[in-house]
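Notes follow the structure.
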Amino acid sequence: MRTLLTRAVRALAVIALLGMLTMALPLLLTGDPAVAVLGVEATPEQLAAFTAALNLDASPPERFAHWLGGAVRGDLGTSLVTGAPVTAEIGERLPVTLELLLCGQLLALAITVPVAMRSAWRPGGVVDRISTVLAYLLLSTPAFVLGLALILVLAVGLAVLPATGWAAPDDPVEHLRHLVLPVLTMGLTEAAVLVRVLRADLIATLRTPYILAARSRGLSPWRLLWTRALRPSSFSTVTLVGLGLGLAFGGSVLVETIFAVPGMGRLAASAIEARDFPVIEAVVLLSGVTVVLVGTLVDLVYGVIDPRARHAAAH
Amino acid sequence: MLRRTETRRDALVPAACVAVLALVAIGAVLAQLLPQLDPLRADFQAPLRPPGPEHWFGTDATGRDVFARTLAGGASSIVVAAMTVAVGLVVGGGLGVLAGFARGWVDALIGTLLDVVLALPGLITVMVVVTMVGPGRLTIGALIGLIMVPAFARIARSATLTVRGQEFVQAARIMGAPPLRIIGSEVVRCVLPAVAAYSFTAVTVAIVAEGSLSFLGFGLAPPTASWGGLIAEGRTHIATAPWICLAPAAVLCATVLAVNVLGERWGRSRP
């Protein structure tokens, strides 16, 4: 119970500090932020309106308190560029990014679990070596390079898929065709990381006595891996997949830029370019809060799933 | 027989990695010195030339030599990566040793501050700050380094905790050595190797992050050459002149791969 309370207090402290840090961002601009954004030709009325709209005269803690007060009521301010409420902008973009992320993570898991199992079963064997080399190659390929390579092969070379763009789900076939390349890019990049992690954890589990006992009873390798070894080996992988969802708010900039997908990442990038502070602040803060909450939840879920973790925390 | 080929290959792979990194480094230096390798010299007579004996990696849309530009991009990556590691080692390593040695409320405070950095969306945060303070190799390197501080600090902290409990540190404390001197002499000497091993990862993250930023148009501004920027420029010609983006992309991947492999060997060679 005490650990639960300390966790909660710490999570709240992190969110409060994060909020103030985010609200201090406009201070990085040299001189008056209003002049820096609107330019020297702006009239005093325009400057005053800008300062008032962003509440720039207040200190970062005050601005964060104001932001939080609005956020609780579902008001994240208005975009300086479009004049639309930030919640509406995000509501339009978030489903697109969430769909990409979920499909990407599912693909990554679909690749990771069998490959990591087969590799961990015979470390140093042929499959393990090939998968290790492939994982290293993928790990060393940035997402924007992998995306361009996929475009070059599948869209330009074979011409089976559209290179960029997005289609609404109203047209399922076109929607899926536009989904393939971004999801492949995300899934392959993620799988390279996950395979290494899950493989190492599985190898450690397979060395434990209870696995040896199960093997000596004659359990088939695949059954052993699926029913006995996978669960206790999956914690790091689960954490990584969970934290990947924190990316929903802005972390998918690269993939969305390469494939011209109108998601959160593109929203963040264009907001940064236009110095649209209400949108930037919302993206950074929502992303941060998601990461903190997921991190705290994963910590708590550990204790529920694995008694050993509960035990370790008490010491 | 089998063992001999094993050891031969074991020595060959690191040697190849070192060779790749040495070539990138030498190329980066030569690009600053030789006028033939000026990344901005444009040959307007020969735009979009495919790779050949005259232009090893071909030329781009304005006739600039892609090979020269790739070498110059390497210089940017080296500067950014060096700055990232410096900031990570000094700030992250320092905070980690402090937290691990002092424990108590100092540890909790540092831990909370690092959690704040961890919660920030890394790439987005760097993009925001770069647009406000202006791009530059050292600025971008320092920002990536700051984002990586929590990782450095965590490794330094856990290494410090291990060292702290050992007899020679206990002995020094009992003998009345001031805490700072213990940190200076005993702890740092034992913690540094652990943190240094992580620097390999930091270098790959820095190279990829700088490439990503420049690719997105939020990194190094032209005329400073950067692998990410070159790849972004080549993207518009990907169907007709793929070498403009493929050549720097291949060098970028080879460099990151070499650092990854060397880092893994380094980490495995230590207990």
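Cβ from N, Cα, C; glycine included.
What TrEMBL annotates here:
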DOMAIN    B:74-263  domain 'ABC transmembrane type-1'
TRANSMEM  B:12-34  transmembrane segment
TRANSMEM  B:78-101  transmembrane segment
TRANSMEM  B:108-132  transmembrane segment
TRANSMEM  B:138-156  transmembrane segment
TRANSMEM  B:195-221  transmembrane segment
TRANSMEM  B:241-262  transmembrane segment
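Non-local neighbours of the transmembrane segment (B:138-156) in the same chain are 79-89, 91-97, 99-100, 110, 114-115, 117-118, 120, 122, 125-126, 129-130, 191, 194-195, 198, 201-202, 205-206, 209-210, 213, 219-220; each lies 6+ residues outside the stretch with a CB under 8 Å from one of its CB atoms. By the Cβ criterion (distance under 8 Å, sequence gap of 6 or more), the transmembrane segment (B:241-262) is counted as touching the transmembrane segment (B:12-34), at least 3 such pairs being found.
Only residues 6 or more beyond the boundaries of the transmembrane segment (B:12-34), in the same chain, are considered here, and those with a CB under 8 A from a CB of the stretch are 68, 70-72, 74-75, 77-78, 251, 254-255, 257-259, 261-262, 265. Beyond its flanks by at least six residues, the transmembrane segment (B:78-101) meets 24-25, 28, 107, 110-111, 113-114, 137-138, 140-142, 144-146, 148-161, 164, 179, 182-183, 187-188, 191-192, 195-196, 198-199, 202-203, 205-207, 210 of its own chain at Cβ-Cβ distances under 8 Å.
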